[in-house]
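Q: One structure follows; several queries about it will come next.
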Amino acid sequence: MAVSHRLLRPATTTIKNTFSSLFIRSLSSSSSGSSLDPKIDLEEAAAQLGKSSSTSTSPYKGRNFHWVFLGCPGVGKGTYASRLSSLLGVPHIATGDLVREELSSSGLLSSQLKELVNHGKLVPDEFIISLLSKRLQAGKDKGESGYILDGFPRTVTQAEILEGVTNIDLVINLKLREEALLAKCLGRRICSECGGNYNVACIDIKGDDDTPRMYMPPLLPPPNCESKLISRADDTEEVVKERLRIYNKMTQPVEEFYKKRGKLLEFELPGGIPESWARLLRALHLEDDKQSAIA
Ligand SMILES: Nc1ncnc2c1ncn2[C@@H]1O[C@H](COP(=O)(O)OP(=O)(O)O)[C@@H](O)[C@H]1O
């Protein structure tokens, strides 16, 4: 697979400085003219981001959440991160979505990025960091405070850089039995019109003496989306297996990184969304009076 050497800059480059300078630049070059001085200390820049200027009506308003979702491809990071985002009134930032937005542009690098993504490879750290810095800056301009990161960090380098500019309060590591992960990725569908996420897989894994049955019904679309469903190009069996291999090699060490810091909450998904959502809320000591509506 020929991918431009420019994209695969050796990880030995001081990516920390790249992120720091990008981070400051993205904070000081906003179209609305950030009040931040470009020479501002990074910690202060990160603190500015974290200031609770949330205008949400969330019952958790004012509590700053800097959370991360970890988990294998197809485990449901986006499903639960978006629900928590609605409940807590903080933005859900999915780096996979940022990458796909970049792929849909006709940017110089989009064809090379597509090669990487469609083969299940990770995008180079500095590129993903540039995308995330821009998104954080846009959020700051809109008065967002706090965030739930989904899909970042995905390497120890990314985790170290993130730790250098802000404090992550909690890392939720979603886990699901391997045999269910592949079926969920292959069953994933997106409505090409409204962007809604669905899953046509019906997962029913028999239990045995020490593991309960795993039943996850399909998450079917409404009638007006049924004829518009598409799959992601990287959700083929071959690419999903490569993504799982890369996750185990590159992202499992990130779990260790946060476990050592006492910030990792391991959460084994027990089944479908209603059951898992209720149990996740209990694990997070959160209440959700709209529980049935959101789930
Ligand atoms: N933090 C990241 N670092 C590098 N590449 C990333 C990152 N986040 C997303 N990507 C790229 O975008 C693709 C899709 O990401 P995502 O939608 O999160 O997929 P998954 O279902 O595998 O978690 C990844 O396979 C990878 O190529």
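Heads up, the Cβ atoms here are built off N, Cα and C, so glycines get one too.
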Q: Please identify the range among 94-123, 124-153, 244-273 that Swiss-Prot labels region 'NMP'.
A: 94-123
Q: Of R177, R188, which one shares the ATP site with G74, V75, G76, K77, G78, T79, G271 in Swiss-Prot?
A: R188
Q: According to Swiss-Prot, T95, R100, K121, L122, V123, G151, F152, P153, R154, Q158 bind AMP; so which of R189, R213, R243 is the extra one listed there?
A: R243
Q: Is any of V75, G76, G78, T79, T95, G271 (binding-site residues) within Cβ reach of ligand 1, i.e. under 6 A, and which?
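A: Checking each Cβ against ligand 1, the ones under 6 Å are T95.
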Q: Expressed to the nearest Å, what is the distance separating R243 (AMP binding site) and G74 (ATP binding site) at their Cα atoms?
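A: A Cα-Cα distance of 10 Å.
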Q: Where G78 (ATP binding site) and T95 (AMP binding site) are concerned, what is their Cα separation in Å, rounded?
A: 10
Q: Just to confirm: which same-chain residues, 6+ apart in sequence, have a Cβ under 8 Å from the Cβ of T79 (ATP binding site)?
A: N197, I273
Q: Roughly how many Å separate the Cα of V123 (AMP binding site) from that of G271 (ATP binding site), to the nearest whole number?
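A: So the alpha carbons of V123 (AMP binding site) and G271 (ATP binding site) sit roughly 31 Å from each other.
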Q: Looking at the binding-site residues G74, G271, which sits with the largest number of other Cβ atoms within 10 Å of its Cβ?
A: G74
